[in-house]
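J.: The following feature annotations were taken from TrEMBL:
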type	residues	note
TRANSMEM	12-30	transmembrane segment
TRANSMEM	51-72	transmembrane segment
TRANSMEM	92-112	transmembrane segment
TRANSMEM	119-140	transmembrane segment
TRANSMEM	152-175	transmembrane segment
DOMAIN	187-284	domain 'Copper resistance protein D'
TRANSMEM	196-217	transmembrane segment
TRANSMEM	223-244	transmembrane segment
TRANSMEM	265-287	transmembrane segment
Amino acid sequence: MAAESLYVTLRWGYFSALMLTTGGAFYVVWLAQGDFRRCLAVRLSLVLRSALWVTLGCTCAILSLQLVIMSGDWRNLADGDIWQAVLSTTAGRGWAVQTLLALSACLALVAQDVSRCRFILLVSAIQWCGMAYIGHAAALEGGLGMIQRANHVLHLMASALWVGGLPPLLFLMAAGRNPATRKEAVATMMGFSRYAHLWVMLNIVTGVISGLLLLGWPPHVSLYSGLLLAKVMLVLAMVALALFNRYWLVPRLGRAGGEPVWRRLVAYIWLEIGLGALVLALVSYFATLSPYPV
């Protein structure tokens, strides 16, 4: 039970850090323009560095935990034969690849700010693709399995760019209050808003497809399906909050007496981040459950 709880916690940490890395790097590489790109890269540097090391630490710990769960004893971490057995499994190989990719992303920290973010974004995309071969996404075989994995990659990437792009908004909100960076910060935030519409739509569509592929229709009643429904409700709450922020609060920022609106918008961004963290916690837990009736 302790090992399973630790596994859920590590998966949550891994997904959270990798999403933050993906979202932050996307801002620098794709959304920010001109001199503001380097400015944003410097502002996000500490956050990205921390997230990269957390990602590496979580992958190393998850890979080690795979051995402990298989062998039933922490002392077997030094046993080479058991490591070979772990690495012969699909999950073992998958997490080993994730560890190597996370390490390569950390090594990119020696590069310049913008170049570093380009490499980090590329590696992050490969990591999300690799997750399609670990867990429930690899449950089906043949043509249906290929569809499931491709759909899962789209779902993960859309989720990472949406949820991982929320924390950098707080940096941009602060930059938007500085006259020297206001124009560039607002343009970057509006760019995120335009892309976010696509990511939210992809997230919902691919999520529905994934649920149908795993559970069928009508879905059977189980702990897995119940948690999946809870996840759907949280995601819908995030969508509603995002729409309220974009189409109700943002247009009122430029009006006289906009300070309360600004504070309210920042608070709601934090709330959306919190809901996203809850979604990731649910996903990390029900990833350990079987989607099929026992």
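Including glycine, each Cβ sits where the backbone N, Cα and C put it.
All annotation found in TrEMBL is predicted automatically rather than curated by experts.
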J.: Would the transmembrane segment (12-30) count as touching the transmembrane segment (265-287), if touching means at least three Cβ pairs under 8 Å and pairs must be 6 or more apart in sequence?
T.: yes
J.: Which stretch from 51-72, 92-112, 119-140, 152-175, 196-217 shares the most C-beta pairs under 8 Å with the transmembrane segment (265-287)?
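T.: If we count Cβ pairs closer than 8 Å to the transmembrane segment (265-287), 152-175 scores highest.
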J.: For the transmembrane segment (119-140), I need the partner stretch with the highest count of C-beta pairs below 8 angstroms, choosing only from 51-72, 92-112, 152-175, 196-217.
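T.: So the stretch in question is 92-112.
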J.: List the helix, strand and coil residue totals of the domain 'Copper resistance protein D' (187-284) as derived from DSSP.
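T.: For that range the per-state counts are 85 helix, 0 strand, 13 coil.
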J.: Could you tell me what the rest of the chain brings near the transmembrane segment (152-175), counting residues at least six beyond its ends with Cβ under 8 Å?
T.: 18-24, 26-27, 39-40, 43-44, 47, 124-125, 128-129, 131-132, 137, 181-182, 184-185, 188-189, 192, 195-196, 198-200, 202-203, 206-207, 210, 262, 265-266, 269-270, 272-273, 276, 279-280
